[in-house]
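Asks: Here it is, the structure in full.
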Amino acid sequence: MGAETTEAWSLLRGPAGTLQSTRHLDCQACLPSGCGNPEARVRAPREGAASGEGSPSLGPEPTSYFTTRLGRWPGGLSLSEHSPLRPSAQKGQSNLAWVPPAGRMDEEGLECGKPDFVLLDQVTMEDFMENLKLRFEKGLIYTYIGEVLVSVNPYQELPLYGPEAIAKYQGRELYERPPHLYAVANAAYRAMKRRSRDTCIVISGESGAGKTEASKHIMQYIAAVTNPSQRAEVDRVKDVLLKSTCVLEAFGNARTNRNHNSSRFGKYMDINFDFKGDPVGGHIHSYLLEKSRVLKQHVGERNFHAFYQVLRGCEDAELQKLHLQRNPALYNFTRQGAGLSALESDEKSHYLAVMEAMRVIGFSAEEVGSVHRILAAILHLGNIEFLETEEAGLEQGHVAVAEELLVDHVAQLTATPRELVLRCLLSRTVASGGRELIEKGHTAAEASYARDACAKAVYQRLFEWVVNRINGVMEPRGRDPRRDGKDTVIGVLDIYGFEVFPVNSFEQFCINYCNEKLQQLFIQLILKQEQEEYEREGIAWQSVDYFNNATIVELVERPHRGVLAVLDEACSAAGTITDRIFLQSLDTHHRHHPHYTSRQLCPTDKTMEFGRDFRIKHYAGDVTYSVEGFIDKNRDHLFQDFKRLMYNSSDPTLRAMWPDGQQDITEVTKRPLTAGTLFKNSMVALVENLACKEPFYVRCIKPNEDKVAARLDEDHCRHQVAYLGLLENVRVRRAGFASRQPYPRFLLRYKMTCEYTWPNHLLGSDRAAVSALLEQHGLQGDVAFGHTKLFIRSPQTLVTLEQSRARLIPIIVLLLQKAWRGTLARRHCRQLRAVYTIMRWFRRHKVRAHLAELQRRFQAARQPPLYGRDLVWPPPPAVLQPFQDTCQALFCRWRARQLVKNIPPSDMAQIKAKVAAMGVLQELRQDWGCRRAWVRDYLSSATDNPTASGLFAERLKALRDKDNFGAVLFSSHVRKVNRFSKSRDRALLLTDRHLYKLDPGRQYRVMRAVPLEAVTGLSVTSGRDQLVVLHARGQDDLVVCLHRSRPPLDNRVGELVGVLAAYCQGKGRALEVRVSDCIPLSQRGARRLVSVEPKPEQPEPDFRCSRGAFTLLWPSR
Ligand SMILES: Nc1ncnc2c1ncn2[C@@H]1O[C@H](COP(=O)(O)OP(=O)(O)O)[C@@H](O)[C@H]1O
Ligand SMILES: [Mg+2]
């Protein structure tokens, strides 16, 4: 065993204290046992008290299946807390008073008896009955025998069903929760889903034992747990499945003395599932409808519900159309049960429910109308009486219908010609050789017989049509086995239970034969298989005797000699064979059969009548059958005339029910199979179908004959327990071993209780591991090892194992939680790390890609003369934005350097001046003459100043000598205006020392010299004019307009500003340059404004003064 295993094991063991403190009250993980209240658990009654078992050191009681089975339940419910069934007000079976049990449904205490009969201390009828009764009194109507569910009809609504209960059983194993129908349904569903096995649930029991109710609960469960993906098709199928029950019950159920809603037909329903376990379709097989009920019912019984529902439920107008009146007592067929009708309102609500169900299933309004008309026609048919008339001949009477209006009604409702209806009622057509047809009149008795046969047949065809119609809707649609895989199937069999009436006829015979067949199947599958399993597993054990009813089945169905064969023979014999002759024939054939007797064979038995009764000792009890009507019912004859009549109806629904009416009367057909043979064949097919499926059994028990709640008649139940073979079932199940489990499953459940098997064993086989586990517990003496399964003899062994397991479960839960939380955290951490790595690499990739792109684009940046001027910078990733900003600045400087490098030194001064001008004027002034060569000293230029450049040169020389300046920064003719508003022509000279105002008229004599340091700023306008205002410290502002340039009006203001600004920059001085279209002036303290007025007709620029403001008249062109 690895170190890890040892560590886990020691952790698992833990201190005893941990065990108790870590139990979770409602922890799912502590399931399957489910945690209860630990305190209550301590108080819970212990079985140990009875068996002298159980030590206080065991800690909290385990709450497992097996302890549950032994009656230890931790809920701590005292007897008084449980609410026993209370007898209801005896107002019929639906009026039920139930006080819900105080505990949860999975809380069963010792006082509730054993949930599995296998756990009985002794398997005797007394113990069995005691347990059954005890549980029944506590409202626990379900008990297991292994995997067989025994259910007792409570005859009252119990709070055991519904979504909450369904959720409790969903996905659970059979043994994890207290016995319930849902558990069986779930087991069948899981077996089907897990192993793709077809399964079936066989529900048996006598009439009124609760079979149909059980089948409904099973369907509800299946509907509730399927279709998690909410597919519309699945929902549709489920709807039809659920609603079909309601419709079938209306047409196939009736009130009998044993059950107010007794199924008068057998029903086997297949539900098809796709590979995901969702229902995709279904099919209903119906068996032997008791159609004689249409004509006649026993005292205290009723006809099929459908008749009463139509009479009570239809609207007045519709009833009128059907020529019916509400009172069922007015019709022969419903008169018997008229007084037994349910409340009229109930009948009406049932009627509405059936109508709704038919609508949901997909019956059209026309079809429903046809159904009503057919039911009405049957009722009218039943009221038709025949009279022998006077003119009757001697041999053959002439017969007439007593009330011809009824014939009209029947004809109208069946949409057939009236004359034909009348003819069919009063006579029959006989083919007498060849194509010759003879019409043969009925006697009154024959006519009544024909009428009854017709009524029965019409009802039966109606019922079959309803079933087929439902099947048509439920047929799995668009399924392709190659694409969707094979459908799996769950079959639910709800078939009539064993019946014994005061007078038993052919129907009871068939029903009881059916029950014999099913009992046979049960024996085959459960009892025989169980014994065979021991043999197969190589376990030595003693056989248990059980009553095998094969011999009774044989008595009924054996070819040539069986009761059905003898009956068929009697039916087919020529001449008039009476029921009595049939009975004699039976007597001869079965004279020595141990299960057959009759008055003839046992003359002393006065309970049978001579020539009428025979008795079969069924597995469920003796039943005396009256042979009266056997031959007739078996032959099930209906004159062809009726079939043709119906086939020729103009109602398409009715016509569709009678396809065989098409046959020509003269056609000689093979004798049709008898009702008995048909039934036998369908039974054989049914049993074959069930035998190839994995069976689950529900055995229903009827607690009393009076349909009252909370009363269990022991004798009555004992009889059922006996004939259902339940005791044998328990014995076989228990004889050797209370439980068996495949080795892997056993290990899965108990491996944590042994250090060699936890968490996984390293032994040679599962069997060896199981052996080691049992040895550690000292339990090896109480088990037997089969080839694949472990067989455990006493329940106590299981209890011990369960207790150990329950102690360890909380720690395992913690261990798993710890590991799982760690796993989750690590997974999260890994995910985060991965995210960051991805982010890092992504960024890296983006940066690389960006740099590569930069490199590619700027490869040509060194090419003169543009030096990459037009290159576009690609948008950088966010992280590179500052980097790119720096690069761009660097690039600009580098480019500037490249450009500047190529400028000749002689141009440098001009470039500097232009740069300085740009710095102050760019975007503020329209044009500042940057594209011109800046000459600066325009007055010395012969081109610009042709007449006086020599004079100016002389003046310049004199000034240079006097003021010792270095260079001329700027010179130009100007027009100036003074503070007296006088404008004159002057010249402006700017050297690196002074600003001179010269008079050009007088050899450029200096009129004013201002040291350059005193010049503080310049003002110019934003237009193209040449107005300049020079501001100097301690001086009046000098207002001039540069003029007389060549070419005229040349733009030189920018040059003046640039030269001065560059000079000041060089000296590190500030120069204020203002750009404004309305320049303020200061002259001797006076404030004035100067602005520019464009004037096209003005020859030369000049100033005008008005109201203390100067205006430069600028000759704009
Ligand atoms: N589980 C149940 N809970 C409440 N009432 C039930 C239950 N099972 C049967 N019954 C009652 O017993 C009556 C007969 O049951 P039903 O299933 O029709 O019998 P069966 O089909 O065996 O003849 C039902 O109408 C219903 O009143
Ligand atoms: Mg039923």
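Every residue, even glycine, has its Cβ placed from backbone N, Cα and C.
Bear in mind that TrEMBL entries carry predicted annotations, made automatically and left uncurated.
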Asks: Between 338-360, 361-383, 545-567, 683-705, I'd like to know which one TrEMBL lists as region 'Actin-binding'.
Replies: 683-705
Asks: Would you count the other C-beta atoms found within 10 angstroms of the C-beta of K211 (ATP binding site) for me?
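Replies: Looking across every protein chain shown, the total is 28.
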Asks: Using all protein chains in view, find how many other C-beta atoms are within 10 Å of the C-beta of G210 (ATP binding site).
Replies: 24
Asks: Around the ATP site formed by G205, E206, S207, G208, A209, G210, K211, T212, list the extra residues of the same chain whose Cβ is within 8 Å of the site's Cβ centroid.
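Replies: Neighbours within 8 Å of the Cβ centroid, excluding G205, E206, S207, G208, A209, G210, K211, T212: N153, N259, G497, C700, K702.
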Asks: What are the DSSP helix, strand and coil residue counts for the region 'Actin-binding' (683-705)?
Replies: 9 helix, 8 strand, 6 coil
Asks: Near the Cβ of T212 (ATP binding site), how many other Cβ atoms are there if near means within 10 Å?
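Replies: A 10 Å sphere around the Cβ of T212 (ATP binding site) contains 24 other Cβ atoms.
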Asks: Taking ligand 2 as the reference, state which of the binding-site residues G205, E206, S207, G210, T212 have a Cβ closer than 6 Å to one of its atoms.
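Replies: Passing the 6 Å Cβ check against ligand 2: T212.
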Asks: Across the domain 'TH1' (923-1116), what does the mean pLDDT come to, as a whole number?
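Replies: Mean pLDDT across the domain 'TH1' (923-1116) comes out at 91.
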Asks: Tell me the Cβ contacts of E206 (ATP binding site) under 8 Å, same chain only and six or more apart in sequence, or just say none.
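Replies: Same-chain residues close to E206 (ATP binding site) (Cβ under 8 Å, separated by 6 or more) are R258, G497, F498, E499, A620, C700, K702, Q720.
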Asks: Check T212 (ATP binding site) against DSSP and tell me helix, strand or coil, would you?
Replies: helix
